[in-house]
Amino acid sequence: MEPNGANNNEKAYVADQSVGPNTPVGPNDAAPPATKESVPAANHEINNHDEINTKPANSTVPNGMSLTVEELYDKDKHDLSTMEPGDVFQLLQTSTDGLTSEEAARRVEKFGYNRLEHKEINPILQFLGFMWNPLSWVMEAAAIVAIAVSNGGGRPPDWEDFLGIVLLLLANSVIGFMEERQAGNAVKALMASLAPEAKVKRDGAWKTVEAAELVPGDVISVKLGDVVPADGRLVAAHGEVSIDQAALTGESLPVTKEAGDEIFSGSTCKQGEAEAIVIGTGLNTFFGRAAKLVGDAGDEMGHLQTILAKIGNFCICTILLFLIVVVIVQYAAFHYPYRTGIDNVLVLLIGGIPIAMPTVLSVTLAIGAKQLAEHKAIVTRITAIEEMAAVTILCSDKTGTLTLNKLIVDKPTIKTYSEYSGEDVILMSAYASRTENQDAIDFCIVNSLPNPQLAREGIEELEFKPFNPVIKRTQITYKDKDGVVRRVTKGMSHTILDLCTRDKTEEQIKALNDDVDEYARRGLRALAVAVDELPSGNLEDEGKGFKLIGLLPIYDPPRSDTKETIDRAIALGVSVKMITGDQLAIAKETGRRLGMGDNMFLSKTLKDGPPAGSGYSNVDELVLGADGFAGVYPEHKFEIVERLQNLGHMTAMTGDGVNDAPALSKANVGVAVADASDAARSAADIVLTEPGLSVIIEAIIGSRQIFQRMRNYSIYTCSVTIRVVVGFSILIFAFQFNFPPFMVLILAILNDGTIMTISTDRVKPSPYPDQWNLREIFLSAIVYGLYLTASTVVFYAVIYKTTFFERFGTSPVTDPNDYKIHSVIYLQVSTISQALIFITRSRGFFFTERPSVMLMCAFIIAQLVATFISVYANWGFTNIEGCGWTWAGIAWIWNIVWFAPLDFVKFGLQRAFEGRKTPVAPVHEDHGPRSRRSSVLSTSTSARYYANRTHALRGLERPRNFGRRILGLNRKMSMDPHEMRRFSSVQANHASQILNSNSNPNPNPNARP
């Protein structure tokens, strides 16, 4: 699906560099471009109105509607992008009047809609999925134990615990389901605003329809500013039609199109109007071909699912270990009654399982996604938030991402060769520019004036010659207010120099050549300007001769906020690399202007190895140390990202074009900037809706805050598992204390209700990239858990074995399972356990970092409820009795005393773990690279069961051109060399055509250079 020959050559008068912006191009980089010279003139007839001859040139062309879709798009048999225009009409059985509505409806049935469908998630299955993971299985097993196994002892089955467990499971599922659906709907609403429309000729009349309804054979109209809705061939071109294909090639300049040329979906019309026949929709477009670069990764899980699995397995293994010991001890050593032993089993099962963990983490991510959307960053893969926090290297495309993708004149470096000043040179070049229906160069020049109206103010235009690709310049003849008639021309420097005859010296020629070379080294495009005077005032007469007056440097400038964004990224511990298809000189100049450095290399170094004198011994060192790469194709971007991942770096890739899609898909986090192409949006995990990279900083900071919330909760929940399982096991072993299971259930419900609010907690983002350190989480949990266990065991021992508390008016305790003591222990466990969250959420003393209002209110309400239950509840069915306010006060004071040293325990843990850290790239727990599409950690078979906790935002993106996500979420790149080569050929042809135009001194006058 390569552009036809010279279609990719735009304004060759600024292409003073010997090769186009996507060099180098070798003989093996792509097939030779198809040029108009290779097509017999008789078969490619262009009439005077720049409309194609729609009569078939080949009488053997079949009726394409009788072919299957696969046969129609078999390029070896029917190449719709290169065959004669008349044959295209014959093959697609259409005409310039377009299709009828009935025929269009039939073709929708055959070809499908002009979009790439995604599979909607069944909301019922999504809801049930929240109860399908190992942690939920343990709770479900506890429910079965309560209703089916817990009997005997003259008591009925444990209906209370059974109903409580079921309600707890349902509550977690409902909360998680609602939060994720709400986040998903918010993203849907934002992306729906990007849905496109198209102007199509149906039933002989023009009408506006959704772009998704286009089919092959439709005739569409595109005008200035329109996004091309499908692949097509131009039927008619009204005026000079210029198409911006930066999304395809990474090149800043638009390309000129004529009738018969191919246009691609996702490109933008920058000049003129045109009509085109649709030749490809949906998967059969250029974007569809890009989608073939992605292979389905099946059921492979992302990193967050793996973390959930490992934390869940830690809790489950802890429970099973102590469960086995408790069963053996209580039945073999203590000869417990069957029902009493089962109740203790339920205590460990219910109290030890962090049933809310998957829901809390998914709700935290879902709310985080909504918060990022408020900062104009739409998250289309929710787990990318967690991975964004760990990013260490940001690879950025240049055109449209770091730069404006809009040309300007670099005024400080204008060269002059006569009495004219730099401002005069700009004004003269503006005279030689169009003021209406402008191309990119004319727009750039005219808007360099203080007021664009100055381009015609004070002069009378006598004749204007627009850009001619043969002579590579524009020209105006005008009369000024003094009646003097002049000609001004602007164009390719050497073309203008050859045209000049007045005041031309060897010094001037050398100065111009040196200046052009200097511009080339700095990545600036050169535009020369010359002036002629006509003393006679007659347009037909010869003038005094053109005089060279100046050389204008033109470049694509960085965005205003890009430098600040890069500086902030570096301050956050994220290094930035430029990965561009443009020239090396342009990349270096952009890097210097942005303060990124100019230690950049051509893409060929990835194959040939580090250049001599670079200081790098191998390609990996080069990729890691370089500030950027230029002249890259999609496979190079993919390889750079892959090498960085293999070196242990979490890599983010930003981009806006089709040529960025493979690397966006491969990166741990792909970020599509504002106005990105469909393929880029579809491959990305985060889509920005505001220009520039500044939103990325907000996304990084936001993701680190979200990560901190998840990490804080993970330490907290694992600690609670340890304290409940170990604490009650020791109480059984040491004192034969049998805590009622229903009270553990109440404890779990209050804990889960409180801890849900951590998803909106106020936290400080980490100043460096975050990563999951499960060793730190588990060891911290063990230390905190054992400390809290000690607080409970010692408290019970003092109550039962001493008379210490009797001095405060309490009655003696002689029964180890006194119902009042059950209430007291419940209150003590509840309050200090929940208070632990204030320790894990802060880096310093807990009172120096204010929690969110919601978290504080939830904690206070939960503890008031727990206190009133312990003081007043007389629930015989669960063996508790109101303990009164004296015991409640003792429990609170005891917990305050034990809570105070927890900060110092935390500081000790921080010192122990931070002493082991080194400032290197994060090394993953298992060897090998980690990509966002599939984690090498995903070897645990349990990981897949946590995937449903983060599926709510899958496939929500609706790209601005024709629909849904192209590349999916749980996908990874499959490097099909054939498809990758075809994908690269657009850039290769672009560079090849500029080479041809510069190397051919006598071009065919009927063909654009």
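Placed from the backbone N, Cα and C atoms, the Cβ positions cover glycine too.
Per TrEMBL, the feature region 'Disordered' maps to 1-41 (among others).
Look at TrEMBL and you will find 1-10 tagged as compositional bias 'Polar residues'.
Feature annotation from TrEMBL assigns domain 'Cation-transporting P-type ATPase N-terminal' to 79-151.
According to TrEMBL, the feature transmembrane segment maps to 124-150 (among others).
Residues annotated as transmembrane segment in TrEMBL: 162-178 (among others).
As annotated by TrEMBL, transmembrane segment applies to 311-333 (among others). Only residues 6 or more beyond the boundaries of the transmembrane segment (311-333), in the same chain, are considered here, and those with a CB under 8 A from a CB of the stretch are 133-135, 138, 340-341, 344-345, 348-349, 352-354, 357-358, 714, 717-718, 721-722, 725-726, 729, 732-733, 774, 777-778, 781, 940, 942, 946.
The feature transmembrane segment is assigned by TrEMBL to 345-367 (among others).
The feature transmembrane segment is assigned by TrEMBL to 713-735 (among others). Beyond the ends of the transmembrane segment (713-735), by six or more residues, the same chain brings 307, 311, 314-315, 318-319, 322, 325-326, 329-330, 344, 347-348, 351-354, 356-357, 360-361, 364, 744, 751, 755, 758, 777-778, 780-782, 784-786, 788-789, 792-793, 796-797, 800, 816, 829, 833, 836-837, 840 to within a C-beta distance below 8 angstroms of the stretch.
Look at TrEMBL and you will find 778-799 (among others) tagged as transmembrane segment.
The transmembrane segment annotation in TrEMBL covers 852-873 (among others). Counting only same-chain residues 6+ beyond the ends of the transmembrane segment (852-873), those with a CB under 8 A from a CB of the stretch are 746-747, 750-751, 753-754, 756-758, 760-762, 823-824, 826-827, 830-831, 834-835, 837, 880-885, 887-888, 891-892.
Residues 776, 779-780, 783-784, 787-788, 791, 795, 805, 808-810, 820, 823-824, 827-828, 831-832, 835-836, 839-840, 845-846, 867, 870-871 of the same chain sit 6 or more residues outside the transmembrane segment (885-909) yet have a Cβ under 8 Å from a Cβ within it. Per TrEMBL, the feature transmembrane segment maps to 885-909 (among others).
Residues annotated as region 'Disordered' in TrEMBL: 920-939 (among others).
Here TrEMBL flags 920-929 as compositional bias 'Basic and acidic residues'.
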* Asked: Against which stretches of its own chain does the transmembrane segment (345-367) lie, if we need a Cβ under 8 Å and a gap of at least six residues from its ends?
  -> 130, 133, 135-136, 138-139, 141-142, 145-146, 150, 158, 161, 165, 168-169, 172-173, 175-176, 179-180, 182-184, 304, 308, 311-312, 315-316, 318-319, 322-323, 326-327, 382-383, 385-386, 706, 709-710, 713-714, 717-718, 720-721, 724-725, 728-729, 739-741, 744-745, 747-748, 751-752, 755-756, 758-760, 946, 949-950, 952-953
* Structure fact -> Helix, strand and coil residue totals from DSSP for the domain 'Cation-transporting P-type ATPase N-terminal' (79-151) stand at 42 helix, 1 strand, 30 coil
